[in-house]
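Structure first, commentary second.
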Amino acid sequence: MALDKSVILLPLLVLVLLVLGCLGRESRAKKFQRQHMDSGSSPSSNSTYCNQMMKRRSMTHGRCKPVNTFVHEPLVDVQNVCFQEKVTCKNGQTNCFKSKSSMHITDCRLTNGSRYPNCAYRTSPKERRIIVACEGSPYVPVHFDASVEDST
């Protein structure tokens, strides 16, 4: 009888653990927003912007993320890029899209000699067209691929 209960309870326990694991996992779309969206501010030449934001957005835990870009536009405008000019991603995938106009961004690059846990970044505000990879339903940005100068 005890064996019968174990046979029923073990798969149920595994199922519960799988569901709980999925609930706690950040979606790719949410990760994109955490790592790249800063709609509430404008690009800043403040030299500490990247140091503060990279730490605040959990990109300096366990290692220093070498490069990151923050976009200072409304989320809906960045989401709309998924329906603009289709381009090939750096990795060869075909789910990237380029914004039709320039956006305000801030590039953060790890400075030479900077090592974890003392991650130090160079802050570079720019106006560039952005390239993002999109997927899902709804179709939304899940990866920041690049920024390019506006050729117009």
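Keep in mind that glycine also has a Cβ here, set from the backbone N, Cα and C atoms.
Just so it is clear, the model here is predicted, and its values are computed rather than measured.
According to Swiss-Prot, the protein carries these features:
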type: ACT_SITE; residues: H36; note: active site, proton acceptor
type: ACT_SITE; residues: H143; note: active site, proton donor
type: BINDING; residues: K31, R34, K65, P66, V67, N68, T69, K90, R109; note: substrate binding site
type: DISULFID; residues: C50-C108; note: disulfide bond
type: DISULFID; residues: C64-C119; note: disulfide bond
type: DISULFID; residues: C82-C134; note: disulfide bond
type: DISULFID; residues: C89-C96; note: disulfide bond
type: CARBOHYD; residues: N46; note: N-linked glycosylation site
type: CARBOHYD; residues: N112; note: N-linked glycosylation site
type: SIGNAL; residues: 1-24; note: signal peptide
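Annotated features taken from Swiss-Prot, shown on the structure.
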residue : record                      : contacts (Cβ under 8 Å, 6+ apart)
K31     : substrate binding site      : V142
N46     : N-linked glycosylation site : T123
C64     : disulfide bond              : M54, L110, S114, R115, Y116, C119
V67     : substrate binding site      : D107, C108, R109, L110
C82     : disulfide bond              : F97, V132, C134, Y139, V140, P141
C89     : disulfide bond              : N95, C96, I131, A133, H143, D145
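Here T69 (substrate binding site) is compared against the recorded positions H36, C50, N112, and the shortest C-alpha distance is to H36. Here K65 (substrate binding site) is positioned 11 angstrom away from C50 (disulfide bond), judged by their C-alpha atoms. In the three-state DSSP scheme, H143 (active site, proton donor) is classed as strand. The Cβ neighbour count for K65 (substrate binding site), using a 10 Å radius over every protein chain in view, is 16. Of all the Cβ atoms in the protein chains shown, 20 others lie within 10 Å of the Cβ of C134 (disulfide bond).
Within 10 Å of the Cβ of C119 (disulfide bond) there are 21 other Cβ atoms, across all protein chains. The DSSP secondary structure for N112 (N-linked glycosylation site) is coil. The distance from the Cα of N112 (N-linked glycosylation site) to the Cα of the residue listed as 'active site, proton acceptor' comes to 22 Å. There are 15 other CB atoms within 10 A of the CB of R109 (substrate binding site), with all protein chains counted. Taking only the Cα positions, the spacing between the residue listed as 'active site, proton acceptor' and K65 (substrate binding site) is 13 angstrom.
In this view, the densest Cβ surroundings among the disulfide-bonded residues C50, C96, C108 belong to C50, judged by other Cβ atoms lying within 10 Å.
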